[in-house]
Structure formats: C-alpha cells, structure tokens
Amino acid sequence: MILVVGLGNIGVEYENTRHNVGFMLIDLLLKESNFTNLTNSKFKGELFKIGSSLLLLKPSTYMNNSGLSVKAVNDFYKCERMIVIHDDIDINLGALRFKKGGSSGGHNGLKSIDALCGNDYERVRIGVGKGENVISHVLDKFKPEEEITLSKVLEHTKKALLELIEKDDLSAISSKYSLKA
C-alpha cells in the first residue's frame, strides 16, 4: 500500500487557505478518480482507496495533530510508502519542491507525523510564500489573483504525484517537475 497524506485543517473557515493545499490536492485527485470511501472514526480523518494499493488521507485532527491520523492508518494498513503533501512558507507561491526525510522545517503537521511515524517519507512541498505574520499568513485565504497560480500549481503537482506513485523515483520526478517562482 502507498499512503498519500494531504495536510490541512478541517472546517469551512479553513477552506481555500494556504495551510490547506494538501487537502486541495487530495480533492483534485478524488474528483478525477473512482474511489472507495474507507472513512472510519478510528482513522481520525477522511480515507479513500483508489485501485488496489493507493490510499488518500485527509486528517481531521487539525494540523498540529496530523500524526495521530497518519499513525492510525499506517498501523492498520502497514503501508510500504508514504508521501505527504503540504504547504511550505519557505518557498514562493507557484514553486514546487520534493524531498525525502529531513527536518519538519517548523511545519507543525510534519512535526506531529515525525514524532509518531518517523521522518523517512517523501514530501511534496507546495510553496505558499511567507507573510509578515506566519500564523495568520498560512490561515489566510488565497487572493483571487493568487488562485490562478495555485490552480496551475495544483494541476502540475497532481501530474507529478501520479508519476511519483507509479515510478517511485523521487530524484527523477524532482528534476522533471520542480518549479521555481
């Protein structure tokens, strides 16, 4: 099994915020796929299955406790691979980066996952830029002019993610799909 985790916060007030780009990408994948809904309270999130070996997870624990949901799914399904999609304030809106392992970079969702599951997983980092106040910036909604860039980046990221899942070659995918902004 491959587990793809999109990080975000639940609730209408968080829809279309910078912190929710992981949720947005999962929603984009679901919109274009036949899936089985495996959501169960024990998983602490929305869980979907595509085909025989791909799980998509949107934790419902809020960002700072995302690891609780990821651990519950990993413990139950014994996933061989995990890919986490998240916002990154250290890269500009429109940028896309890939990496495996390493530090959380101060991202509380990643800190939670690292604490409960370790940090040996692939990461898809979607740039959202850095505002004056980090917390309010990541919880702000995208401006209309930013939504155009975001839409293009999410579509590009979807293609990259699908190829990463299929080919399992992070270096090649990073070379082919990374974006600078």
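We number each residue from 1, going along the chain as drawn.
The backbone N, Cα and C atoms fix where each Cβ goes, and this holds for glycine too.
Going by Swiss-Prot, these are the annotated features:
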type	residues	note
SITE	N9	site 'Discriminates between blocked and unblocked aminoacyl-tRNA'
BINDING	Y14, Y62, N64, N108	tRNA binding site
ACT_SITE	H19	active site, proton acceptor
SITE	D87	site 'Stabilizes the basic form of H active site to accept a proton'
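The structure, with features from Swiss-Prot marked on it.
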residue: N9; record: site 'Discriminates between blocked and unblocked aminoacyl-tRNA'; Cβ neighbours (10 Å): 22
residue: Y14; record: tRNA binding site; Cβ neighbours (10 Å): 17
residue: H19; record: active site, proton acceptor; Cβ neighbours (10 Å): 24
residue: Y62; record: tRNA binding site; Cβ neighbours (10 Å): 18
residue: N64; record: tRNA binding site; Cβ neighbours (10 Å): 12
residue: D87; record: site 'Stabilizes the basic form of H active site to accept a proton'; Cβ neighbours (10 Å): 25
residue: N108; record: tRNA binding site; Cβ neighbours (10 Å): 17
- Note on the structure: Around the recorded tRNA site (Y14, Y62, N64, N108), other residues with Cβ within 8 Å of the Cβ centre, ordered by sequence, are N9, H19, T61, M63, N65, S66, G109
- Message: Using DSSP and collapsing to three states, where does D87 (site 'Stabilizes the basic form of H active site to accept a proton') fall: helix, strand or coil?
- Response: strand
- Cα-Cα distance linking H19 (active site, proton acceptor) and Y62 (tRNA binding site), given in Å to the nearest integer: 11
- Task: Express the distance between the Cα positions of D87 (site 'Stabilizes the basic form of H active site to accept a proton') and N64 (tRNA binding site) as a whole number of Å.
- Result: 13
- Roughly how many Å separate the Cα of N108 (tRNA binding site) from that of N9 (site 'Discriminates between blocked and unblocked aminoacyl-tRNA'), to the nearest whole number? 12
- Item | N9 (site 'Discriminates between blocked and unblocked aminoacyl-tRNA') and N64 (tRNA binding site), Cα-Cα, nearest whole angstrom | 9
- Query: Reduced to three states, what secondary structure does DSSP give Y14 (tRNA binding site)?
  - Reply: helix
- Can you see whether DSSP assigns N9 (site 'Discriminates between blocked and unblocked aminoacyl-tRNA') to helix, strand or coil? coil
- Message: Helix, strand or coil for Y62 (tRNA binding site)? Use DSSP.
- Response: coil
